[in-house]
Amino acid sequence: MKAITLLSSGLDSVAALAIAAESLEIEMAITFDYGQRAGQREIEYSRKVCEHYGIEHIVIKLDWLAGITNTSLVNRGEDVPALSFEDIDEAAPAAITEASAKAVWVPNRNGVMLNIAGSFAESRDCDYLVVGFNGEEAGTFPDNSMAYVEAMDNAFSYSTQNGVRVLAPLIELGKTEIVKKALEVKAPLEYSWSCYHGEETPCGGCESCVRRARAFKNTGTKDPLLERLGV
């Protein structure tokens, strides 16, 4: 069976690709450029990941999405929230992570990306779209949830002739479990970029960096990306 993967080069999308590649033929990977701060870094690292797996890589620009997004993931005039391990703990007030999610939200981003990728999947007669949706982020990002996957599958049953489906191999996993699984399948995590910023090295303070750091700490392993960068 064949699949197309949505690849941002983040921990989750790289792990999902690595897992899917064990049982599916990955036809291509799509990276979206919607003006995000880390866009060029994501494109660079996604290209490296695709070279590792020997798969086709395309980049789709969504300038119009950048134009209507006012939150800090795209708008350089807004500050990206900085969080700590305590802020993302289950005992912490939910309002902290909810505010962080709101600050980096991009209007209907996953819906737009999945529908574009669905067109490619149908045109190439691919069965699946592989995504990095996971259990840890589903609480604050509803478009990472199983309910959303099922809703998209239902929509694709109407909008694609071959019934493209969304495959989310991490849907029940937290970040710690994702790191363990990624290491197990030898995912090229040295070229996975999670940071909301696009500097030479990860900031270490945005929510994505903090969740990644906690996951590696919990597994007792060093982050291959930081090792490669000498951080």
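Cβ from N, Cα, C; glycine included.
For Leu7, Ser8, Ser9, Gly10, Leu11, Asp12, Ser13, Val14, Ala15, Ala16, Leu17, the entry in Swiss-Prot reads ATP binding site. Taken from Swiss-Prot, the feature Zn(2+) binding site covers Cys195, Cys203, Cys206, Cys209.
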Pairwise CA distance, Cys209 (Zn(2+) binding site) versus Ala15 (ATP binding site), rounded so that it is a whole Å
16
To see if you understand the setup: which same-chain residues, six or more apart in sequence, place their Cβ under 8 Å from that of Leu7 (ATP binding site)?
Ser13, Val14, Leu17, Ala29, Ile30, Thr31, Ser46, Val49, Cys50, His57
For Cys203 (Zn(2+) binding site), list the number of other Cβ atoms lying within 10 Å of its Cβ atom.
17
List only the single closest residue to Ser9 (ATP binding site), chosen from the binding-site residues Cys195, Cys203, Cys206 by CA-CA distance.
Cys195
Look up Cys206 (Zn(2+) binding site) in the DSSP assignment and reduce it to helix, strand or coil.
strand
Taking just the CA atoms, what is the gap between Cys206 (Zn(2+) binding site) and Leu11 (ATP binding site) in Å?
14
Determine, for the Zn(2+) site, the additional residues of the same chain whose CB lies within 8 Å of the mean position of the CB atoms of Cys195, Cys203, Cys206, Cys209; present them in sequence order.
Val80, Ser194, Tyr196, His197, Pro202, Gly204, Gly205, Glu207, Ser208, Val210
Give the distance between the Cα atoms of Cys195 (Zn(2+) binding site) and Leu11 (ATP binding site), rounded to the nearest whole Å.
10
Could you give the Cα-Cα distance between Ala15 (ATP binding site) and Cys203 (Zn(2+) binding site), in whole Å?
21
